[in-house]
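Listed in TrEMBL for this protein:
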BINDING   B:HIS255, B:HIS257, B:HIS345, B:ASP368  Zn(2+) 1 binding site
BINDING   B:ASP259, B:HIS260, B:ASP368, B:HIS618  Zn(2+) 2 binding site
DOMAIN    B:206-419  domain 'Metallo-beta-lactamase'
DOMAIN    B:435-559  domain 'Beta-Casp'
Protein chains: 2
Amino acid sequence: MSERRGGEKTLEEVKKKVMERVEEVLPSDVVVTDVDFEGPEVVLYTNSPHSFVKDDSDLVTRLAKALRKRVKIRPNPAALSPAKEAKKVILKIIPEEAGVSERDLLFLDTGEVVIFSKKPGLVIGKRGKNVHRISRDTGWVPRIYRQPPIPSKTVNTTRRLILSDDSRRKFLRNVSARIFCGRTRSRGTESRWARVSALGGFQEVGRSSLFLHTEESRVLLDCGVNVAANGTDAYPHFNVPEFRMDDLDAIVITHAHLDHCGFLPYFYRHKVIESRVPVYCTPPTRDLMYLLLTDYIKVLEKRGQEPPYTEKDVKKVIKRTITIDYREPTDITPDMSITFYNAGHILGSASVHVFLQDKGHNFVYTGDINPTPSRLLEGADNRFKRVDSMVVEATYGDSRHGSRRKEENRFRKIVRDTLKKGGKVLIPSFAVGRAQEVMLVLEDMHRKDELEGPVYLDGMIYEATAIHTAYPEYLNRRLQHRILHEDDDPFTSEVFEPVEGSDHRQAIMEDDEPAVILSTSGMLEGGPILEYLRELSDDPKNTLIFVGYQAEGTLGRQIQEGAKEVPLPTPTGKTETLRIELRVETVSGFSGHGDKIELTKYVRSIRPSPPSKVFTNHGEPRACKYFSNHLRRTVRKVFSMAPENLECFRLT
Amino acid sequence: MSERRGGEKTLEEVKKKVMERVEEVLPSDVVVTDVDFEGPEVVLYTNSPHSFVKDDSDLVTRLAKALRKRVKIRPNPAALSPAKEAKKVILKIIPEEAGVSERDLLFLDTGEVVIFSKKPGLVIGKRGKNVHRISRDTGWVPRIYRQPPIPSKTVNTTRRLILSDDSRRKFLRNVSARIFCGRTRSRGTESRWARVSALGGFQEVGRSSLFLHTEESRVLLDCGVNVAANGTDAYPHFNVPEFRMDDLDAIVITHAHLDHCGFLPYFYRHKVIESRVPVYCTPPTRDLMYLLLTDYIKVLEKRGQEPPYTEKDVKKVIKRTITIDYREPTDITPDMSITFYNAGHILGSASVHVFLQDKGHNFVYTGDINPTPSRLLEGADNRFKRVDSMVVEATYGDSRHGSRRKEENRFRKIVRDTLKKGGKVLIPSFAVGRAQEVMLVLEDMHRKDELEGPVYLDGMIYEATAIHTAYPEYLNRRLQHRILHEDDDPFTSEVFEPVEGSDHRQAIMEDDEPAVILSTSGMLEGGPILEYLRELSDDPKNTLIFVGYQAEGTLGRQIQEGAKEVPLPTPTGKTETLRIELRVETVSGFSGHGDKIELTKYVRSIRPSPPSKVFTNHGEPRACKYFSNHLRRTVRKVFSMAPENLECFRLT
Ligand SMILES: [Zn+2]
Ligand SMILES: [Zn+2]
Ligand SMILES: [Zn+2]
Ligand SMILES: [Zn+2]
Ligand SMILES: [Zn+2]
């Protein structure tokens, strides 16, 4: 990385070229005073940012096309009105109903003004007219941050971490240099091949990690842990010789589940990574990641295991995150550009499309996908620019779910019946995804007067839900419409009540009222769910509903399989025997993964046409192999296989 | 490599341990005064080397077993008689018929005396009695070098290069340190996996190279070029990130063909390789490699292409060679040991058995193999200690040879008929392998009075044959017996006559006598064969016999396919049109590769039992895939596949 080779230029040299190109494209009345770079983006400084920020202006789009890069407009610092004056002007322009006060404005030294608001739509104005006026009248470029209706500590923390990070600018320049300054490894020639090393999550679930590399680029796709495994078996195989930290260009995270990002902070302990390797993910993934990673540290500590990193390292990850929305192509190295597509799995989950420039090859790594729309999310997007090769998850590659609609109806009936008898419904769930799906059903029942009692949310579920309310654009379109245009966010329904601590929890358990309790953990491996279970398991009026997969060896699995006496760990570290008298049910319709039929349909319906090479991962060996064979038999002209961990396969 | 990690020790520390173990094993009357290391060997210094060198003594074997290493005995320098005295004693002990004079003795500062002789058997004496006496009476340990009956410049050069290399001792110590001083990469833990990166020669013929690596070790198996390709397509994919020159532990070469060793000298341009990476191969492979590599440089220069290395680099390769005979297990890293087995393909060709200690896994890379015995060589050895996984060549994995015996008879008839008519037989051939097979048939015809004329050897064929005469132990057992015990080396037959230069060649062509001419190159791509062809092609009395594969696009292929007018490059760089009037025949029985039936039989008959995983290489895509599928169908419980170049597959 130190020597300059064939194609390498300095950022100054690149600047000059960009400036020339910009001047060719711009109309004569718009002046760009300077060019700079910020991570994968080209930043154009101008005296008249307002001439770029009209919603109907296609100038930014035209520039982006001409430069083949993402473009961001910034005001020439000389043209800024003083913050104090600007503040007044801005508050006058924004309508009062947007609820923006003085302390919701944050003036950055980039010439941007961050506006926090619960009603971003009102701040922006029709066709962007408010934003345009702010920019024209103050010189400052507004950036609007949605304040979620349910306040989220996580969202506040991640925003603060990034906004207050002094080293971020230098970091982003390092990233720009790698992307813009030309080839460093392939000596000015093209990459003749692209390969993927299967470092984890192949023929298994857990520790997903793909190392995608060309002659020029080294990129990690996902970086998970297997929370059920011990020692180094819990982590991907990072000791293969092709992977070296000081060679890494970027890390891309598909979604926030620990089996996809749980090892990430470990890398950020190392200066060589922290100083120049960005994490690309969607904005919701960044926030959910923070929540789940800090929680993982606590869980390990409780178990008496030493976490491989600290909360400080998690914060470093957040500071090094560059978020990208769905369908925004972004160059991440001199020969690779990525685009995220909705994966339908959890909030912000993405399939990554990688365009390998030199070979004109299009590779997609699905991450975890659900091709079927749910109450919470749209189904996985299958319309790409083009797909040549693909890694497809196969969690349920050899099995079938029940009908999602029928299963939901069965769920509703179980809940109704239990509450009617005066019982309590206990639903163990992961904090992210499944819980919100169930909440939407419960809210629907509540609205239709089918729910006789409140829904208590315990563990991390409430905070995870708060994060959902910060990103309505990432939700199912109908739900989005309800939230944004009907001002009716189901997550804020009065039926939901967060559990405020152990006294509150005790009171809920001792109360005789019928109620639904949603609590972590999802497999009864810890968390408040165990306290509820101890209290409620002896009453046949109550019902325990499993809504997610119960892994081999977990307490959840034992109870699901009908055990009547099970060992229960107590808070003091002992184990007592618990008699299971309550009703136990399993509802399979809330899965965040496609089953074999859904996945096959997804692959066959890929637009513009199915890939010619498919590799399966993220499933037991049986599932990965079955699904790979199934595809070969049912999709025309497809080559497919199920690689093992530690294999390295070719894309081009 | 610089830091010391978990298992690492200094050579001094290892010495001590070895000394302790040696003293446990040795009888009390034999004293070892010092221990040292030389490459993969443990060197024991003693005052009485003669107590180790009896042919019937198993002391060395016992020590090797106890130490699990190769063991070599050296005299304590203090116990040596002066070279001048020793010389007299030695010449008195060796019988006169051995033809050893004063200048055939070379006293090395290792305490060894090299004895050059055309009759090594006579030097050694019955049951080693002469060697024993020399050692007892002078203290010097004899090493006997066979002087081939046909003097070989190559053999002389390689021996001189190694004997006169001042840096070799230091180099061997570096190698020893890597092998004996413990783990450097896996930090004292075991290697949990072993992988092979297919760097070249997969689904193709040419540029064979396998990169075998575990968590501890990095070893290259073969390092070939594709002589028919251009630019970097001619070389293996050494720019994959898992392969780094400064990480390499050893290079193993199966045989001397350029598609297996042609890129090797390139590495030895680099200090980091030259100072510590040994080339392991059999003794004949070392010598043939020198011949073919220096010739390759000349061929490239003639073509106006820049060779990737110079003759100096080839010499560096030879200096870094550590030769191993068949069936001599040798540790090459802390977790790998290799054993060569006869591959039946050309002189000295080997299949490499690799024992991966940590996993107890046995891997075999066949290299190029001929499972069927020929006049020249034994068939490929299939009796291993154990085989779990295998890379098998598939040059003819999808086709059948004609019967070798029938084809030979047809060849004999064509030759007889042509000579009888007063014509000349022109046989284009590679210098190594095919040429000697044909020579053995011609010599047999000559002995049986079926050959009316001399056999002229042109190009490198005579020199390559000379190398064969230096290694009778590597030849077919019957041939060996004839040479060693009947004093009847067919290669020295008076029927063979080397062509001494262009005048001689001109004379041969103009002479009317019937004759056989064996000349390079094998596909009419250059070499003296073209001169013969220009002169002889217009006479239908003459015959051109192809005995080897003619690649697509070569002049040989055009003529073989029946072209009557072909373009012929002249020595002045122009092209003239050549009319083909002579008879053209193809004889397929001399192949150095097994066909699909022979290869399948070979795999099925592997002793003690066939491998459970087979990967195919060294063939067109069709051949590799066909053979892989064929094995799956016909060998019980075998997993088989045909990897592509740049894939990396797991062994364990
Ligand atoms: Zn997931
Ligand atoms: Zn997952
Ligand atoms: Zn003796
Ligand atoms: Zn060969
Ligand atoms: Zn070969």
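The first residue you see is number 1, and the count goes up from there.
Any Cβ shown, glycine's included, is placed from N, Cα and C.
The structure, with features from TrEMBL marked on it.
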residue  : record                : DSSP (3 states)
B:HIS255 : Zn(2+) 1 binding site : coil
B:HIS260 : Zn(2+) 2 binding site : helix
B:HIS345 : Zn(2+) 1 binding site : coil
B:ASP368 : Zn(2+) 1 binding site : coil
B:HIS618 : Zn(2+) 2 binding site : coil
> B:HIS257 (Zn(2+) 1 binding site) to B:HIS618 (Zn(2+) 2 binding site): how many Å between their Cα atoms?
Replying inline: 13
>> Same chain only, sequence gap of 6 or more: which residues have a CB within under 8 Å of the CB of B:HIS260 (Zn(2+) 2 binding site)?
In response: B:SER208, B:ASP222, B:CYS223, B:GLY224, B:ILE253, B:THR254, B:GLY367, B:ASP368
>> I'd like to know which of the binding-site residues B:ASP259, B:ASP368 has the most other Cβ atoms within 10 Å of its Cβ.
In response: B:ASP368
> Under 6 Å from ligand 5 by Cβ, which binding-site residues from B:HIS255, B:HIS257, B:HIS345?
Replying inline: B:HIS257
> Can you count the other CB atoms that lie within 10 A of the CB of B:HIS345 (Zn(2+) 1 binding site)?
Replying inline: 29
>> What whole-number Å value do you get for the CA-CA distance of B:HIS255 (Zn(2+) 1 binding site) and B:HIS618 (Zn(2+) 2 binding site)?
In response: 14
> Rounded to an integer, what is the Cα-Cα distance in Å between B:HIS618 (Zn(2+) 2 binding site) and B:HIS345 (Zn(2+) 1 binding site)?
Replying inline: 14
> Rounded to a whole number, how many Å is the Cα of B:ASP259 (Zn(2+) 2 binding site) away from the Cα of B:HIS345 (Zn(2+) 1 binding site)?
Replying inline: 13
> Over the domain 'Metallo-beta-lactamase' (B:206-419), what does the predicted model average in pLDDT?
Replying inline: 96
> Other residues with Cβ within 8 Å of the Cβ centroid of B:ASP259, B:HIS260, B:ASP368, B:HIS618 at the Zn(2+) 2 site?
Replying inline: B:GLY201, B:VAL205, B:GLY206, B:SER208, B:ASP222, B:GLY224, B:THR254, B:HIS255, B:HIS257, B:GLY367, B:GLU393, B:THR395
> Where ligand 4 binds, which of the binding-site residues B:HIS257, B:ASP368, B:HIS618 are close by, with Cβ under 6 Å?
Replying inline: B:HIS257, B:ASP368
> Near the Zn(2+) 1 site, what residues other than B:HIS255, B:HIS257, B:HIS345, B:ASP368 in the same chain have a C-beta no further than 8 Å from the centroid of the listed C-beta atoms?
Replying inline: B:THR254, B:ALA256, B:HIS260, B:ALA343, B:ILE346, B:SER349, B:GLY367, B:GLY433, B:GLY592
>> Let's check the environment of B:HIS618 (Zn(2+) 2 binding site): how many other CB atoms sit within 10 Å of its CB?
In response: 29
